[in-house]
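I have placed the structure first, in the form of structure tokens, so that the comments after it can refer back to it.
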Amino acid sequence: MEDFVRQCFNPMIVELAEKAMKEYGEDPKIETNKFAAICTHLEVCFMYSDFHFIDERGESIIVESGDPNALLKHRFEIIEGRDRTMAWTVVNSICNTTGVEKPKFLPDLYDYKENRFIEIGVTRREVHIYYLEKANKIKSEKTHIHIFSFTGEEMATKADYTLDEESRARIKTRLFTIRQEMASRGLWDSFRQSERGEETIEERFEITGTMRRLADQSLPPNFSSLENFRAYVDGFEPNGCIEGKLSQMSKEVNARIEPFLKTTPRPLRLPEGPPCSQRSKFLLMDALKLSIEDPSHEGEGIPLYDAIKCMKTFFGWKEPNIVKPHERGINPNYLLAWKQVQAELQDIENEDKIPKTKNMKKTSQLKWALGENMAPEKVDFEDCKDVSDLKQYDSDEPEQRSLASWVQSEFNKACELTDSSWIELDEIGENVAPIEHIASMRRNYFTAEVSHCRATEYIMKGVYINSALLNASCAAMDDFQLIPMISKCRTKEGRRKTNLYGFIIKGRSHLRNDTDVVNFVSMEFSLTDPRLEPHKWEKYCVLEIGDMLLRTAIGQVSRPMFLYVTTNGTSKIKMKWGMEMRRCLLQSLQQIESMIEAESSVKEKDMTKEFFENKSETWPIGESPKGVEEGSIGKVCRTLLAKSVFNSLYASPQLEGFSAESRKLLLIVQALRDNLEPGTFDLGGLYEAIEECLINDPWVLLNASWFNSFLTHALK
């Protein structure tokens, strides 16, 4: 048992448990069951508090990927696991600051949200018996009791379970795993029987009256009484043959558990078909910026003024012509739309006072591009319910697409460093409590690694475009407003810089519901010749609009400048999430933090500094056909950030489905790598669920191809 405890629990927990036992003069080598029980209890207390924070409004939130600007403090103070003197000091200080009644016994946690101490119990017996013993022992109305059992049951004061379903499920799953691990080593029975009750024991707890009637009413079918059901449950040992257990539970279930071996999994089948095309709302690696440094012009910061100033930095405009038509669109209209933008910007400059916003004339080309008057007329259901052949349109299945090489190039580009900084140091939220100097140190190191990353540029560009579009959609519902696509950054020398990527013209936007769509036409500058990868640009009409002089090693060269024009659409809810893209920074920071935590618990000290400053060490970044790719810690930060940003840019139902379903297969494969001898049933069904999400989405197809590389290397 002692070996099992040392293997199964985090070294920090084991050390705390040993300390606690020594404090009471007990020997972990002799009282091994108690050793295991203390470790389990400690782990449950820590899991209880994990990820739970309080934001600046005093609301409780769960942060696994939260808002980077939130001022967060931990929701729970952990008292369990501190030495007695320290623990009482913490309790006293909480009582002094909050005015809560001082408990007689040391509780396990304090909840800053509900302002109460919590006693956590983990029992190998029945939860309500253990609950009563606890309640009798502490005899305090004020301390909240929450009991978990190894069978997945729980009981809490006034049925108030404090935490959300998912957090409690994590704890129950962990307890169940510990139980299974013990059972598989033949340690469970002695552990289960070794539990002694609390000091004040009330013998057999009788349920009477209303509670008894409710208990009898709520039994599963085929059980005559509560005793009868209890006896059945007590005899239900989880280890052993699952098929038998399933058939015991239901006549309809006949699952054959198949062992999952190295040879079992096959690669995911990626769809065949023409290569997939770019579907992001704005250009990524192909974008070109017209920039002004140290902007100080009149009206600086007003998007339209900034845009006109940026446009004036370029002198190579020429008569536009179409170099790659859109397959299905009326291409001359796209050409006319760009000419109209140029003409109307020229008109603005000829006015005495430049307006703050510009509404475009409703020309026929813009009406066509923005789908004006194209929506079918809505008819009240009452007026047509008698129509005999009323039916929904038949919609075509989406056409399957194959993975194209451009998707991996886009991702690689997103991980690279640019020569500008896109976020300030405090972009990922501020310090809240003094304890958080470690957190702020981590945040600063992390920010330094990602502030120049191209993925960070995409975040700021996404936040700007979505904010501007949502704003215009509400403020100018009927107008075709011209919205410049702008971002701001700092150069290496710390000079401010304003960049213009192109323009958006928004259509009518009477957005009543979150999912109502606003159409827009985007026009974006680029130096990429669309004829090199025409499949990537099938949704675009591309014009050649000028020649740009570029400084290169061999002197100045002239390159054609292109304009990528397309019609697109978005909704209130998508724009709302687009404005929240900074969350990607926090999500990737937290992934890095969990790597640091793992390292710190092995070394038993905070490893933040070493982690970021030891430049020689390499870390696994991902799997490619060549094997496991490794890189510096900065590269890991940027890769995690790029993944998070692409999940936001390419969010789709296909991605949701693929992530959820492939995760199940991933867990099975990891269990196999950890020699846990996993078994599965209906593996074919799981593959089907994963593969029905592989249709045509570029980001999902790339993830599926990475998944296949992972399978290959994981099963070698």
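Cβ coordinates are placed from backbone N, Cα and C, and glycine is handled just like the others.
What Swiss-Prot records for His41, Asp108, Glu119, Ile120 is Mn(2+) 1 binding site. Per Swiss-Prot, Mn(2+) 2 binding site is recorded for Glu80, Asp108, and the stated evidence type is sequence analysis. Swiss-Prot lists 124-139 with the feature motif 'Nuclear localization signal 1 (NLS1)'. Taken from Swiss-Prot, the feature motif 'Nuclear localization signal 2 (NLS2)' applies to 184-247.
If you average pLDDT over the motif 'Nuclear localization signal 2 (NLS2)' (184-247) in this model, you get 70. Within 8 Å of the Cβ centroid of the Mn(2+) 1 site, not counting the listed residues His41, Asp108, Glu119, Ile120, the chain contributes Val44, Cys45, Glu80, Pro107, Leu109, Ile118, Gly121, Val122, His146.
Take the CB of Ile120 (Mn(2+) 1 binding site) and look out to 10 A: across all protein chains shown you find 22 other CB atoms. Secondary structure at Asp108 (Mn(2+) 1 binding site), as computed by DSSP, is coil.
As a summary of secondary structure, the motif 'Nuclear localization signal 1 (NLS1)' (124-139) carries 12 helix, 0 strand, 4 coil according to DSSP. Glu80 (Mn(2+) 2 binding site) falls within neither a helix nor a strand when secondary structure is assigned with DSSP, and so counts as coil. Secondary structure from DSSP puts His41 (Mn(2+) 1 binding site) in a helix.
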